[in-house]
């Protein structure tokens, strides 16, 4: 069927900010969809709130709206633009929920807008647990025994009948939010209450736990002619019970017999047909390992995280084709863009094994509960490709960027058998490493299978790796053993440690013996047809499929998995850099391992290498490609950390030199540079011992800011107020020694300013200056940023511009630099300089129209700023106000303190823009998920040091009509200031207390500033966590609270009696 000609304009709904459960995969799918629809001649309008994406670039769609994804704003855009149709299935759960809300509100009917791809009835049938269960019964498809519940009493009824354990699955939620496995009544109360709160329709499915079954996923496509295919089937190494986003996944499935494969394939196709989905769909199934009994777990009637993985695993671009199907094209009409010969109705075939390992944020949140269940906790993931599962797994392990090069963790070697058993039974993020350790210590595969029901096939593969370790250690210098180890995916790093040599010595030894990997192509058809796509992976085999051209090439290092501190912003910069390299006439080569991102879409670069970002894996590519050089500025700390090793191998680092990179990162060298340039910075020193740290802090005076050198995202950074806190930090947060010094600075309570600039060594161009709403001390990634600055005097702005230009030239920066300043007592101080792309590059690029990563790349390639039409100086400021607001995923991470400080905690960001600061802030806050009601109650409980400041805030809340609630101490201070307040009991009271008010939804805001000593038992911690669990905005910074007050005050009409007004006027006349 040809494409539809009765529609012209299509509104694509994006997925909003990155949160746990919904990450960069929707930037990839949304970008693909917009381009795909434009190719077919449709006018595309995009709405998304996330400025850090390629999707929200003006070139992606005909019109781009960066606005909150709420009914209020999306309805306004629909009424203004009058699209013929909307496509919501590429915006994740956000897009689906938005489509349902728009339909129910009547806006779609009012404006004559059609839903494309997946009809509303199919969305509701797949997402509403009751309707889905009914459909499965009609199809005779087995589902676990289950019950739909809307309250706790109904949950008790089901459990009394079926017994524990039960799984709670809330309806219309993302990444299993609010759900979990209940083993007893206490867990049932907690998880059901949470699930009902998080479900927008207050509905949960309770089902008998089938934990222990194999979990299998089928990624399927269907068109309007009822052609349906399986793009990819995947198997979770972790059995049912761990969310698929937190599971280690392999593709294709490894342990299914042909009968099992065909049985589950037929079921998946039957389901997509019954739902009438036109596009992509993900079906999750459970299979009993001892019989042919299977169960349908759930269906995602949209493009998902698994679709992105399946697309990268097979080379089959699901989102691109789903968009074409949505406008009426059929699979047998669409040419496969990989082979450019076959059609999209051919099912992909794989002659390799793909492994996906999640990347969790537990290195950031040490207090978080690491147990894995049905609620997702990973922020991102890595993917690797190999010719066997062992190779594929080990490549994925070293892609995680946790300083791990092999399936072993030193701290697990001390575990006894009983501890290992407990941790293997109750899965956590280290389970596969513990399984390997158990096998090393002689635990049998049978015992491990009994503990966790992981398939014997996977346990055998882990045992193969452990047996090979013994071979390697027993045969030092043996080339045959080395060859076998390399074929199994062992890294030079591991072999070097086993043979007591350096990694470079192993690398040289292999080269002398011609022991290097070959590169194979990902072609969707197992080499049956010729492929036109240069998408490669390395393996130790005979035939090399790589074609090295004569063109001059440049390598860009990607930023690896999404994690807190290094998000999609770096992928944005990477993609723009690749495009600039192509524009400059070079062959653009990218190395990355993140299946979710736009940068690993094979159509972006001239060559894509899906490889770990380690020195060994990168050098294999460089040895073959022999590029002009490597750009490390856009891949975050991942790429910067490789710069020194690459230079040791004789590789040219393009842009800012290694020496100058080091000068910006090394404390003493940086201090010397600032002194030479006459630029002030907070008083600070470097400590290499605990004693030294104590002495420095005494000399500088508390409070001090302490952090390790060379960090990203404020990792292990803290403000300490007294000596005992400093000693706790030095013993627990960092391992201090001569090679890893700790930096100690005077903490200045001032206004923080952030600047991004581009330097060519001679000229320094400043696209924008941003002001942070929160004072210095809250990580820049967690602050609300405002452009243009609203409270900076011209004199201070000039100082900042002068310092930025001096730093760009003085540090010999070639490319991008990011500087953070603090304004303290009308003086500008430099806090830090990052000689690379920062997380504000996409935001400022979109606002100012300066494509910063593109311009910087061309500078790096030798085209100076003047040639590109830019000179030294500050770009004229825009008239509108733009706000960048952080988005957090605390609801997914139990036991994590929500207090903001110098260590970054946000997972994503949104943008609000309007004519005034208040309106822009309103949009930013609403887009970030903060509800802003114009009246209600606010609980105020603050530390003693903040009481004076909190009084003014409380007074303003009272004046706009809010009720004030406070515990005795704070209430007394308010009463003394004649501010009406209701006293509430502290949380240790057995009577109705502060936590009850939060649980019952009777407070709209909680203002709670940190009481020191962050152990979870603290009252402050419990209040903050209770707020998160109950969806109440908890404000831990008084600066953020003031920003919200500005918005509330701008929304509130004043109400004064005539007498008050007359008295005020009389007072003014008397005093005139």
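Glycine residues also receive a Cβ, built from the backbone N, Cα and C atoms like all the rest.
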Taking 707, 722 as the options, which does Swiss-Prot list with 746, 752, 777, 778, 779, 780, 820, 832 at the ATP 2 site? 707
Simplified to three states, DSSP reports residue 780 (ATP 2 binding site) as helix
List nothing but the largest Cα to Cα distance in Å, as a whole number, among the residues 707, 746, 752, 777, 778, 779, 780, 820, 832 that the record says bind ATP 2. 18
Write down the Cα-Cα distance for residue 300 (Mg(2+) 2 binding site) and residue 707 (ATP 2 binding site), rounded and given in Å. 43
When the binding-site residues 780, 834 are compared by other Cβ atoms within 10 Å, fewest goes to 834
For the region 'Allosteric domain' (930-1072), what are the DSSP-based totals of helix, strand and coil residues? 69 helix, 20 strand, 54 coil
Where DSSP helix means H, G or I and strand means E or B, what are the helix, strand and coil counts for the region 'Oligomerization domain' (402-546)? 75 helix, 11 strand, 59 coil
Rounded to the nearest angstrom, how far is the Cα of residue 834 (Mn(2+) 4 binding site) from the Cα of residue 242 (ATP 1 binding site)? 39
What's the CA-CA gap between residue 778 (ATP 2 binding site) and residue 820 (Mg(2+) 3 binding site) in angstrom, rounded? 12
Distance [Cα-Cα, Å, rounded] between residue 780 (ATP 2 binding site) and residue 298 (Mn(2+) 1 binding site): 39
Spatially, and counting Cα to Cα, which of the binding-site residues is closest to residue 820 (Mg(2+) 3 binding site)? Options: 129, 208, 832, 834. 832
